[in-house]
There are 2 protein chains.
Amino acid sequence: MALRVGVIGGGQLARMMIAPAVELGIDIRVLAEDEGMSAQLAATAVGDYRDLDTVRRFAADVDVITFDHEHVPQEVLRALVADGVAVHPGPDALRFAQDKLDMRARLADLGAPQPDWARVADAVELQIFLDAHGGRGVVKTPRGGYDGKGVRVVSAAEEAADWFSALAAGDALLVEELVPFVRELAQQVARRPNGESVSYPVVETVQKGGVCAEVIAPAPGVDAEHLAEAARIGREIAEGLGVTGMLAVELFQTEDGRILVNELAMRPHNSGHWSQDGAVTGQFEQHLRAVADLPLGETTPHEAWSVMINILGGPADAGMLDRVPAALAASPQAKVHTYGKAPRPGRKVGHVNASGSDLDAVLAEARAAAAAFA
Amino acid sequence: MALRVGVIGGGQLARMMIAPAVELGIDIRVLAEDEGMSAQLAATAVGDYRDLDTVRRFAADVDVITFDHEHVPQEVLRALVADGVAVHPGPDALRFAQDKLDMRARLADLGAPQPDWARVADAVELQIFLDAHGGRGVVKTPRGGYDGKGVRVVSAAEEAADWFSALAAGDALLVEELVPFVRELAQQVARRPNGESVSYPVVETVQKGGVCAEVIAPAPGVDAEHLAEAARIGREIAEGLGVTGMLAVELFQTEDGRILVNELAMRPHNSGHWSQDGAVTGQFEQHLRAVADLPLGETTPHEAWSVMINILGGPADAGMLDRVPAALAASPQAKVHTYGKAPRPGRKVGHVNASGSDLDAVLAEARAAAAAFA
């Protein structure tokens, strides 16, 4: 009898849990949104993750529930917990990944370093914040945003007028100061229900158009102090929010050398994909170990440098079939990961990892392979 | 549309192809011998691999056929090839893995270094060989042996009397000289249909009771000359026999420093499991790339030393569920691979890999994790 882990959501994160699940002997089962999703091979149910009956039926046959995304409603999560299901991360943690206002308030309680922010219920409140922060700010819808959606840089309150008018009564938007950052970092932490946690080295993430394009592990030029500080911030948030499984903390590094928390993700995250091939324990294996309350694995990198480059789908009329061989030919060292998705422009359809002792050479390898998909 | 690779046989080798297939975007399908086999997750058919109709039906829906084992009969393989199916390795190569007498004769033609051997049809012929080789020899049934089965060390011809009396008319046994070897090595090679090939560093295999127990990569103390010689032997056999996919060449290193070919396996092999976690491209990924005629991957090890230790099932009344956590706790560095098999004494149910810069420390890590399964 194998340990049964149920994953809600059939996207690429669920897909990439399949490989380590097979090796660890975990019976992985996926509740997919539809037929033919990325995690199809492990899909044992298809249905709406917002529907309690659907989720309950799926959860009845597994030992642990975890997630491909953070969108399962609180009422569904809490019903599972009330049923006695092990849910990791649980609703009390996930709410901070589901609502950016709740997250900012909780991080403030924890004393975590973050940008100035405010809860703004109307244009007047927003304008007051903007005026106090050099006339500009980042407005965010608290819920449902991802990959740059639901995020808008504004220099006047009326630029968020449509979002305000769409708000339900009693709701509000989040506004944050526009942080003068020199680069973005991300810290991965894994935490078990028993509190054991491990950290990965902080990485640099390079965004293009609001989407993560490249990740360099560890972040180049990061000193021992920042390395330790990022790890400490990650551990304190994981502990403070009661996260179980993988936690990704997206960070800003400011011109004056501070590290501020940007966003949280309570699942394997794009910024941790490098670890699949670049570390002793990849984040998908680590996530499974953490949610199944198994001892965590070493996070040491294999090489001095690892690079991850996302593959954004090119023209829809060309499939992946011809591009994978071209990528493998371009770099015998690169590790190609595909998501089983039909390419279309701008869609993440896979990624490439490479590792080695010379960062420029590793970047060249990874880029050569990724270029085959352009 | 993904490339479809069909694997005949549902054992652990097919199982371990699943992880890299998912990542590479290969649609892997398995013809399993039974329900609930190791490769269950990818099983799309259940049936007898000796039955042409069964195999033909399975092969109709895939682009390439490969194998978990070497037991598919020649007539089935040849019918597939006649149907136009891409079969890798093909029947002309596989016959040398299926029949040890054919293998010895072909290696002799190729000039590969091997023990003295003879085809012996009766006890008289066997005794003549024994008399010429110090009174002892290793008698083998040419077909169907594995893990020490079908192999017998004899010092008199009558010790093989039962095998001779079981022989069909015209058949014979293989006898080989008892090689005074100091250790056993194994050389992994991958070869594409287009002839491209890559080699892994030669490893040392430690057998216990005829079963591979531990593998150390690379073989400790092997000098550059032997490293190159083993690689050359591997390449020449792969080329000479027309192997496609992974080839494992089991070797004896003799007291006087010669390297002699012991056995061949035309598939991922136990002696190459270390590469899953210890090399840039693991042998299961490499096998898929080779049989699918994709560019091959780099074989460079991540660390100076890698060790693989087989997990032999302990008492049948204890499952794997409690032992995996104990193994993970024993070594946060070790990578545990399970085969989805119920434990029973002496049965291979998984293996542990570990890598690092200090061989003694790596051995200790791997043994600590493996001991949790005893």
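Backbone N, Cα and C define each Cβ position, glycine as well.
Remember, TrEMBL labels are computer predictions, not curated facts.
Small disclaimer: the values here were computed from a predicted structure and weren't measured.
TrEMBL has this to say about the protein:
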- A:Lys100, A:Lys140, A:Glu176, A:Glu177, A:Leu178, A:Val179, A:Glu184, A:Asn262, A:Glu263: ATP binding site (BINDING)
- A:104-292: domain 'ATP-grasp' (DOMAIN)
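Structural mapping of features recorded in TrEMBL.
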{"residue": "A:Lys100", "record": "ATP binding site", "DSSP class": "helix"}
{"residue": "A:Glu176", "record": "ATP binding site", "DSSP class": "strand"}
{"residue": "A:Glu184", "record": "ATP binding site", "DSSP class": "strand"}
{"residue": "A:Glu263", "record": "ATP binding site", "DSSP class": "strand"}
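The Cβ of A:Glu263 (ATP binding site) has 18 other Cβ atoms within 10 Å, all protein chains considered. A 10 Å cutoff on Cβ-Cβ distances gives A:Leu178 (ATP binding site) a total of 18 other Cβ atoms nearby, all chains included.
For the binding site of ATP, formed by A:Lys100, A:Lys140, A:Glu176, A:Glu177, A:Leu178, A:Val179, A:Glu184, A:Asn262, A:Glu263 according to the record, the largest Cα to Cα distance is 18 Å, rounded to a whole number.
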